[in-house]
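J.: Before we start, here is the structure in question, set down as structure tokens.
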Amino acid sequence: MKNRTGIRYSVLLPPLLPLVICAILALRDPVELIAGAQVASNWVLDRFDWLFSWSCVAFLVLLAAVYVSPLGRTTLGGVGAVRLLSPWRWFAITACTTIATGILFWGIAEPVYHLSAPPPAGVEEPAVFALSTLFLHWTLTPYAIYTVGGLLFALGFYNHGQPFSLSTLLAPVFGERVHTHGGAAIDAVCLFALVAGMAAALGAGSLALHGGITGYAGGDAGATPLQLAMIIGSIVVAFSISAATGLQRGIRILSNYNIIGFILLAVFVFFAGPTVETLRLAGRAAGDYAVTFLPRNLGLDPGIPADWSHAWTTFYWANWFAWAPITALFLGRLARGYTVRRFIEVNLLCTALFGACWMIAFGGTALVIDGQLDGVLTTALAEGGPEAVAYALLEQLPGLRITAALFLLLVFLSYVTAADSNVSAMSALCMRDIGPDSAEAPVRVKILWGCVIGVTSWVLVSFAGLDGIRLISTLGGFPAMLLFIVGAGGLGRLALKSVRQDNI
């Protein structure tokens, strides 16, 4: 019987089965689930850590080559293509949808982790190392992953008439046959990886919200399953409603408020805190980041043992790769009417610069205050977990009631904005006949994925914990990395082709 719904069931249904299995295991035996995920994650990281690291650096080199090549002058959608968004709204949506709750949650907690537990061999200046590592994990390298995928998709979708599918990333290498041989399987695997990643981010966001609410209003610091269900449910309802309204309404409006809130809070924290000391630390950390850029990216720094690098740097690359395929669809869709060079500027350089400024304002301030106040933030981390660090930092600054409320609002908004964009891309991936002029999936499909993400996050975070769900999401980074490596080869071919044509 002919499928009249327009839904690609070969993409929609396969990811649901492993998600259901993980949820059941989390309810029945969360310890076994975490142990199994840890074994699988360690197997991938131990054997392919070098491939994660080298591919990320190779993507940066590739993007630099594309930027200066004749391909950089190409307009996405062709000459005269109408832009979907103004430059400011494009940047706002790009920054907010790629960062999500990450910089709010880990941008403050991660440097405190590094300060309290640096590599076993030790480092000369722990605070400098902590902030430099934050730059490594949250600026140029991870955004190179997103930019390569988004650019490949934008060129294929807008300039070469390829379908709204992740197989479009492979078309420059394998041609049209890639869409009929394995295209649906690629989409399904990447959907599973993203749902796990979004569930992990939603779990982190819900814990951050709970920590803020209890700190703001008082109460038990531990989050119960019922409390998490209420928080996650409210977030899911919000981003499902926003996703149902489409790009030009929900996402565009939310991201504008979101980025303004980010800027206001970062400026306040930077100037209300120990500004001069933070700037000095940032300068030393930036120098350390530049000097150690290649060895730490490639896992070749002799002062950092492999176990520590696996637990942090390679683990981060795997998580970024897990998010990257679906994010690439959304980022590529936004860019119609802009040149390839402008795409690289916005998605790589501007977002990395914004991330660095945020890390200086929050991560740098946190490190300085912790050093000045006898480890007040490392104590908060040890006693209340990573979700307690942000509020412990805000307690040391004036205007706690206002800043804590704004921080809570930003955690909520940032996840809603990111989930909105990804749910829109995931839903479109499950549909046939999605094109440049009809890129929105039906509301019912968006609501379905919103509910799947919410239920998955609640079950896994409530019963397996945040570490368990992060391990599961990391596993999706391996196939995504292979997809992007092959796709990057195709992007290189397009750049070389543009050079040959320019020389004719």
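Along the chain as shown, residues are numbered 1 onward.
Every residue, even glycine, has its Cβ placed from backbone N, Cα and C.
Per TrEMBL, the features are:
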- 50-69: transmembrane segment (TRANSMEM)
- 90-109: transmembrane segment (TRANSMEM)
- 129-158: transmembrane segment (TRANSMEM)
- 184-208: transmembrane segment (TRANSMEM)
- 228-247: transmembrane segment (TRANSMEM)
- 254-273: transmembrane segment (TRANSMEM)
- 315-334: transmembrane segment (TRANSMEM)
- 346-369: transmembrane segment (TRANSMEM)
- 402-426: transmembrane segment (TRANSMEM)
- 447-466: transmembrane segment (TRANSMEM)
- 478-496: transmembrane segment (TRANSMEM)
J.: When only pairs 6 or more apart in sequence are counted, do the transmembrane segment (346-369) and the transmembrane segment (90-109) reach 3 or more Cβ pairs under 8 Å?
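T.: Between the transmembrane segment (90-109) and the transmembrane segment (346-369), which are separate recorded stretches, there is contact, as judged by 3 or more close Cβ pairs.
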J.: Using a Cβ-Cβ cut-off of under 8 Å, list the residues of the same chain that are 6+ residues beyond the ends of the transmembrane segment (478-496) and lie near it.
T.: 44, 48, 51-52, 55, 58-59, 62, 65-66, 69, 71, 145, 148-149, 151-152, 155, 166, 169-173, 186, 189-190, 193, 317-318, 321-322, 324-325
J.: Establish whether the number of Cβ pairs under 8 Å between the transmembrane segment (129-158) and the transmembrane segment (50-69) reaches at least three, counting only pairs separated by 6 or more residues.
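T.: The answer is yes, given that the two segments have at least 3 Cβ pairs within the 8 Å cut-off.
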J.: Count the CB pairs under 8 A between the transmembrane segment (184-208) and each of 50-69, 228-247, 402-426, 447-466, then give me the winner.
T.: 447-466
J.: Can you work out whether the transmembrane segment (50-69) touches the transmembrane segment (447-466), with the criterion being 3+ CB pairs under 8 Å where the paired residues are 6 or more apart along the chain?
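T.: Stretch pair does not touch.
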J.: Considering only the recorded stretches 228-247, 254-273, 315-334, 402-426, state which has the highest number of Cβ pairs under 8 Å to the transmembrane segment (447-466).
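T.: Stretch with the highest Cβ contact count: 228-247.
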J.: So which residues does the transmembrane segment (228-247) touch in its own chain, when a touch means Cβ under 8 Å and the partner is 6 or more beyond its ends?
T.: 84, 202-203, 205-207, 209-210, 254, 333-334, 412, 415-417, 419-420, 423-424, 427, 439-440, 443, 446-447, 450-451, 453-454, 457-458, 461-462
J.: Do the transmembrane segment (315-334) and the transmembrane segment (402-426) come close, with at least three CB pairs under 8 A (pairs 6 or more apart in sequence)?
T.: yes
